[in-house]
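Peer 1: Under the heading Mg(2+) binding site, TrEMBL lists Ala86, Glu101, Glu105, Glu152. Annotated domain 'Nudix hydrolase' per TrEMBL: 44-183, in sequence order. Sequence annotations record features per position, and here TrEMBL assigns motif 'Nudix box' to 87-108.
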Amino acid sequence: MKNNRIKNIEKKVLSDNWYILNKYTYEYQKDDGSWETQQREAYDRGNGAAILLYNKKKGTIVLTKQFRMPTYVNGNEDGMMVEVCAGLLDGLNPEECIKKEVEEETGYQIDRVRKVFESYMSPGSVTEILYFFVGEYKEKMRVNEGGGAEDETENIEVLELDFESAMGMIASGEIRDAKSIMLLQYAKIHQLLGQ
Ligand SMILES: Nc1nc2c(ncn2[C@@H]2O[C@H](COP(=O)(O)OP(=O)(O)O[C@H]3O[C@H](CO)[C@@H](O)[C@H](O)[C@@H]3O)[C@@H](O)[C@H]2O)c(=O)[nH]1
Ligand SMILES: [Mg+2]
């Protein structure tokens, strides 16, 4: 940490039930040189990785569909979310993590992935940085049905969609998950699936 305008950082754990909610109190030096005390809560659930699985020949991509409680309590009618495959690092490096998640959630065993960018997803409240990948899948790489890890009570449906229909689902509001929109737009801009 290298910001001379921040000092005396104190951390108080507000909740450590599943992930950790911390309250930070610190002094911040304003433009006029004076110091003020600030407080910010930061939810720490670790970092994550996400991937767009695509098949250039077929013009298709693989997405997941699952119930997301935080969206259900905030206007998402049935709580179901269509998302790219993603998961928390859980001690692995981003590349190892995403390959493991791809196999667990979608059933594909892929050997090559390419990192395309990284992003803080909600910098005002969540500590998480997310690493973004793209990777090609082929039918012969399917080793199981996917669906998510049993011990994590994940119930994930695997969707194989035409790339252009998925782009249409952003416009229609059927896809409204930030990491998924970012990767789909990356694929469009860089013509990953051709024109
Ligand atoms: N019991 C319990 N289980 C939980 C809780 N929160 C999460 N879990 C379980 O932990 C699993 C974590 O699954 P991952 O696949 O590793 O993570 P993810 O939830 O898919 O995370 C991805 O999407 C997030 C939301 O967009 C991203 O924030 C994250 O970086 C990653 O990309 C969840 O599916 C769920 O089963 C909780 O509070 N209690
Ligand atoms: Mg996941």
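Cβ from N, Cα, C; glycine included.
Curation plays no part in TrEMBL annotations; they are all automatic predictions.
Predicted, not measured: the structure shown is a model, and the values here were computed from it.
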Peer 1: Residues sitting near the motif 'Nudix box' (87-108): Cβ under 8 Å, six or more positions beyond its termini, same chain?
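Peer 2: Distant Cβ neighbours of the motif 'Nudix box' (87-108) are 45-51, 53, 62, 64, 115, 131, 133, 135, 137, 141-149, 154, 156, 158.
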Peer 1: With an 8 Å cut-off on Cβ-Cβ distance and a minimum sequence separation of at least 6, pull the same-chain contacts of Ala86 (Mg(2+) binding site), or say none.
Peer 2: Gly48, Ala49, Ala50, Ile51, Ile98, Glu101, Leu130, Lys179
Peer 1: I'd like to know the mean pLDDT over the motif 'Nudix box' (87-108).
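Peer 2: Result for the motif 'Nudix box' (87-108): average pLDDT 96.
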Peer 1: If one looks at the chain holding Glu105 (Mg(2+) binding site), which residues at least 6 apart in sequence have a CB under 8 angstroms from its CB?
Peer 2: Thr64, Cys85, Gly87, Gly146, Gly147, Gly148, Glu154, Ile156, Val158
